[in-house]
Amino acid sequence: MTLRFKSRIEQALNEREHSRLTRRLQLLDRSAQGELIQQDRTYLNFSSNDYLGLANDAELVQAWQTGLARFGAGSGASPMVTGFSSAHAELEHELCHWLGYERAVLFSSGFSANQALLFTLLEKEDLLLQDKLNHASLMEAGMLSPATMKRFKHNDTEHLRQLLHEQSNSLVVTEGVFSMDGDCAPLAQIATLVKQRAWLMVDDAHGIGVLGEDGAGSCQAAGIHPEILVVTFGKAFGLAGAAVLCDAHVGDYLTQFARHHVYSTAMPPAQAHALTHAARMIQSQSWRREQLAELLACFDEQCRNIPGFVATQTPIKPWLLGSSDSALSASHELKQQGIWVSAIRPPTVPVGSARLRITITAAHTQAQIRRLSEQLKHVMEKDT
């Protein structure tokens with residue numbers, strides 16, 4: 001029987017290799033502001049989600065070091081035992097005050113936060129409605145939950161309206177900014193549509209810190225307040241982890257019944273301390289968003305006439321190429337020129353929509369953007 005495991009694993013790996021869809025870890029020596037180093041060669045890094053340039057910021061590094069000196073290296077237990085400290089409580093309070101919620105529940109990753117929410121909240125009689133392009137963590141959780149899951153066409157509020165049933169206990173889930181396409185959900189229209197008919201949950205992993213007043217995210221920018229808001233700390237915060245923002249009752253429910261929370265070791269308190277500092281930097285250092293906006297405008301101006309360009313209002317700039325081979329080839333050619341841009345292929349994106357996923361951060365310069373555009377133009381002209 002054990003040979004079946006081996007055979008099945010080998011078959012799956014061979015099929016992925018044959019389809020040229022194998023993904024491999026990229027061993028990096030270190031990263032710096034807007035750059036990364038691999039085997040002693042420096043590349044411009046246009047594949048990072050560090051939108052505000054905080055991941056290598058000296059002020060944030062110092063905050064983590066201060067947290068280590070004060071709280072030690074790890075939490076030592078789950079939050080429900082002895083793993084919850086004053087550093088965690090301060091982070092929760094900061095998030096609630098900033099984003100306007102009664103409770104914030106911390107998780108080790110956005111993936112675990114999304115899975116915990118859908119596994120815990122949904123029951124067999126419930127209806128889960130998800131945008132077709134939602135993140136894999138949401139889709140997988142929806143498929144494994146006891147609820148009936150239906151997907152509405154991407155950003156299509158009319159299709160969502162057709163799927164909503166007033167008699168059902170419904171949860172509508174969308175991302176604020178979609179991670180592979182860089183477009184924004186029509187949150188105001190969705191919120192109006194679901195009002196008093198369903199709960200709304202927004203995963204704002206790629207909007208928090210970047211959009212809205214004081215970086216409060218997609219929902220604040222759209223003027224809405226969903227019942228559940230998920231924010232993650234691996235993008236604009238420059239760190240790792242996630243939080244679920246909700247009312248007091250939902251927060252208590254998650255604390256009691258969300259297994260990802262109850263049975264996982266709490267994030268290190270030094271990390272929570274650094275995250276609180278990152279949240280305050282995001283709110284107070286508006287120059288980072290202003291600088292990012294200037295760089296996004298520069299990118300659009302330099303690239304709009306190059307084949308494959310897709311306009312977005314966010315730091316995520318998909319460059320659609322279609323085939324996986326085309327995306328891999330373009331990524332390789334850019335790397336040869338010292339520019340690191342990842343090729344995104346199925347199953348991460350639908351078949352026929354392979355792309356370069358270019359991300360702009362506040363740590364870049366306009367000179368670096370111009371260099372990227374010149375090389376993109378060269379690669380696209382060569383391929384056509």
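Cβ atoms here come from the backbone N, Cα and C positions, even for glycine.
Quick caveat, the model's predicted, so the values are computed rather than measured.
Same-site candidate for pyridoxal 5'-phosphate binding, as annotated by Swiss-Prot with G110, F111, S179, H206, chosen from T82, T148, T157, T232: T232.
Cross-referencing T276, T312, T314, T348 against the substrate binding annotation in Swiss-Prot, which names R23, H135, picks out T348. Checking each of the recorded positions (R23, H135, K235) against S179 (pyridoxal 5'-phosphate binding site), the C-alpha distance stays within 10 Å for H135. Summary for the binding-site residues S179, T232, T348: the Cβ-based neighbour count within 10 Å is maximal at T232. Those same-chain residues not listed among G110, F111, S179, H206, T232 yet with C-beta within 8 angstroms of the centroid of the pyridoxal 5'-phosphate site C-beta atoms are H135, S137, D203, A205, V230, G234, K235, A242.
When the Cα positions of G110, F111, S179, H206, T232 are compared pair by pair, the longest gap among these pyridoxal 5'-phosphate-binding residues is 13 Å. Taking a C-beta cut-off of under 8 angstroms and a sequence separation of 6 or more, H135 (substrate binding site) has the following same-chain neighbours: G110, N114, E175, S179, D203, A205. Around G110 (pyridoxal 5'-phosphate binding site), a 10 Å sphere centred on its CB holds 25 further CB atoms from the protein chains shown. Within the set of recorded positions F111, H206, T232, K235, the entry lying nearest in space to R23 (substrate binding site) is F111 (CA atoms).
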